[in-house]
Amino acid sequence: MQFLDNIRSSKFLIPGLFLPQFVILGIYFHKLYLKFLSFCPNRNFLTWDPDARLVTSIRFAEAFRSFDPVVIVRLIFDSPTWPVLRNFPEALIVLIFGPGGTLVSLLTFGELVLLFLIVPWVLFRFSKQKNRIAPALLFPIVWAGLLQNPGFMHYSFSGMLEVQGGLFFLPAALAFWELQRYCFDKAEILRSSRNPNSFLQEDSKQINSGFISATSISTDSYSPWFLCISVNLLFHTKYPYGYIFIFFGCLFLITFRFDETKQFIFKILNFYGLFLNESSFLKNRLERNSSTFFIKNVSEKENLDSSLKNLSEERGFDSVAKNSSGKTKSVFPRENFFKKVKWGALIPIGFAILSILVSIIFSKETLPGKTKAYLRYAGVLIFWIDINIVVWKIFYGLRKTDKDILTLQLTDRSESSVSRSGVQSIKIASKSHSVSRNSDVEKDFSIWKYFWTYVIFPIGSWILIHPDRFSSSGSTIRHIQGVGLMPGQNEDSIFSLTYFREILDNSFYAPYGGWVLCVGLILGIIFGVFRYWKNREVSASFFLFLSVLISILGLTLMTPNHQARHIYHLYPALLIAICIFCYEKFYEERKKVLSCLIYSIFIMFTLGYWSWKYSDIWERTNLCFSGTDRSLFFTAEDAESVFLKTINRPSVLWNLLSLEHHNRPDIMLSFYRAGFYNRQRVREKNKKEEFDLQKIRISGSNWFIVADKCDEIGNRIGIPFEGIKKPVSETDWNQIRGACILKVGGE
């Protein structure tokens, strides 16, 4: 036993447990890197979305190189489809190493390595007892599980954002977990400190000041900036990640913080006069907590009743006077409802709703162009500004206390019949009640205050800064595409099981590994619900399981765009949730056997299978996101060689390849690459820009027109083929494999 105690207390134990794992991972990562370089011939082209992002990164790099801050600012704020967070490291790579695709793929691989490095830290922060040994024993479930996940590893050497999403989802979930734990612990402290006997002591000021200082220490120990930074990093990885996280956060707060959510909504309605008058909500809370008033004897009670009666006549505190008879005022204004409504405050809301309804009801013929989109944007923007003003007043405007009002009135009424001792009793009572009321308000709204201020507000404001970004977000949500289908094609039912089928069938190389993963998810939810029903406390594993499950439900119900890759960023969180679940059950006396059993099963399906089938897994892991067939990119390679030779002045690209052509984004990337190498300003043709041969010849710029065949170009641009062939030199026609490039140059 002494020997085991010495090992447990040794400072070399933790490094000794982690070091072999990181050595194994380092060797395996090196082999994956060599496999990517050896087996993937199309590394220079990233396909589709990554190609478009790399084009933006090249534009950033060119703006940095030419010291053009206007272009940089415009690219940052004019980002309707993808955020620019990924573009900054890519632009740095382009500036230093050039605009090749290999290093962009290796950037994602670096994010994968960083993801594995932060997993022990996340495990430690989620563990309640903060055991140092547990993360080392749980870590293999995560890394061995991810290394044999076909889809997740397929994206680890690509320009896609799923690995980066998994990297930032973990700290975002951790930050939100720590926020709700902080608010829960703070509520427990406030509840225990609100003991009526504490006000029986003579020196109530010291008691209250001690309570306030303890609360301030607790407040200072939590920083909401971790939540703000982590969630916004997730959001600026991919906008839908932020939307889904807000969906999860709001649903979690509505379900498990129902009282706080209800009071928060009531306060918003109260501001517009739709629920209460301005102070009756707090006064009703004052009435329910009036048992803290201490009355020494009958004479003091009479003096107190007399004082409260006079106060109610002058200041309207009717609820305090009525409290002695046990009556409370209803929170719903049943009489004179329309007189209580603040119609002036509702004008912006009404205008916003009207704008949105007009944009929905009227057709595009009635509202041509972008009128419908701008009307919808204007309505949402007005509503957003108005509701944030209200919320800001609720969160940061409650600073006045009943103590100030009562003390001021008692000081002014020197001729009052209330005795000196009665006045002191009222002062003490009002002070204690003031602290109670303000503490209740802060407790009731603190979690929503942080979540709204540091998550909802920055994300919503960023989306609404630019009308095109707002419209693009709506288009992204409405985009229809099913797994393995073309855009516009999807399953008939909105209740798609695509994501659950993906977990069952493609989350593990190990046979039935996906089923084990789903069983772990279901068990975690069931045990979490029972624990919450019993103890009214959300465990860390239950929180993580909910974050995964609600995200999947949100992706299923909020958009018809159901592709398997949309849940890849959730796999690390799901595996960590299983680890935390085993850890929590191990510390419960009656569930140690269950914990060890579940841990053994997952170790067998993750580390065990990975160790046993190491060579087979390495061979089956597909790292070539662009495929292994070089002929797929012959067209893009030939186009890039043509552009490199012919782009010698500012140029414009008119890409007439069909939207479904697999080389369309690669042609665009080749064009921007050539412009960067040749230090020429290049751009794509604007949608409304007209092709005019005469203007092009005197403009001093070149136009490059790309189509499937040379004889199709005339028909596509609306000019007869002979009319183009005459003024254009034979050398400007470039027939390449799979396409034709026409150069129309200026003088």
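Cβ atoms here come from the backbone N, Cα and C positions, even for glycine.
Heads up, TrEMBL stuff is auto-annotated, nobody curated it.
Fair warning: this is a prediction, and the values are worked out from it, not measured in the lab.
Quick look at what TrEMBL lists:
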- 12-29: transmembrane segment (TRANSMEM)
- 91-124: transmembrane segment (TRANSMEM)
- 136-157: transmembrane segment (TRANSMEM)
- 241-258: transmembrane segment (TRANSMEM)
- 343-362: transmembrane segment (TRANSMEM)
- 374-396: transmembrane segment (TRANSMEM)
- 447-465: transmembrane segment (TRANSMEM)
- 509-530: transmembrane segment (TRANSMEM)
- 542-560: transmembrane segment (TRANSMEM)
- 566-586: transmembrane segment (TRANSMEM)
- 593-612: transmembrane segment (TRANSMEM)
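The stretches the transmembrane segment (509-530) and the transmembrane segment (447-465) do not meet in space: the count of Cβ pairs below 8 angstroms, excluding pairs fewer than 6 apart in sequence, stays at fewer than three. When Cβ distances are compared across the two stretches, the transmembrane segment (241-258) makes no contact with the transmembrane segment (593-612), since fewer than 3 pairs at least 6 residues apart fall below 8 angstroms. Within the same chain, residues 271-273, 372-373, 375-376, 378-380, 382-383, 385-386 sit at least 6 positions outside the transmembrane segment (343-362) and bring their C-beta atoms closer than 8 Å to a C-beta of that stretch. Counting Cβ pairs under 8 Å to the transmembrane segment (593-612), the top-ranked stretch among 136-157, 374-396, 447-465 is 136-157. When each of the listed stretches 136-157, 374-396, 447-465 is scored by C-beta pairs under 8 angstroms to the transmembrane segment (12-29), 136-157 comes out highest. Non-local neighbours of the transmembrane segment (566-586) in the same chain are 115, 119, 122-123, 126-128, 131, 134, 138-139, 141-142, 145-146, 149, 151-152, 155, 162-166, 169-170, 173, 240-241, 499, 502-503, 507, 517, 520-521, 523-524, 527, 539-541, 544-545, 547-548, 551-552, 555, 592, 594-596, 598-599, 602, 606; each lies 6+ residues outside the stretch with a CB under 8 Å from one of its CB atoms. Taking Cβ pairs closer than 8 Å, the transmembrane segment (91-124) reaches residues 18, 25, 29, 32-33, 36-37, 43-46, 50, 54, 57-58, 60-61, 64-65, 130, 132, 134-136, 138-139, 142-143, 146, 155-160, 163-164, 166-167, 170-171, 174, 572, 576, 579-580, 625, 672-673, 676-677 in its own chain, all 6 or more past its ends.
Through the fold, the transmembrane segment (374-396) approaches residues 264, 267-268, 271-272, 348-349, 351-356, 358-360, 367, 445, 448-449, 452-453, 457, 460-461, 464, 467, 470-471, 474 of its own chain, all at least 6 residues removed from its boundaries and within a Cβ separation under 8 Å.
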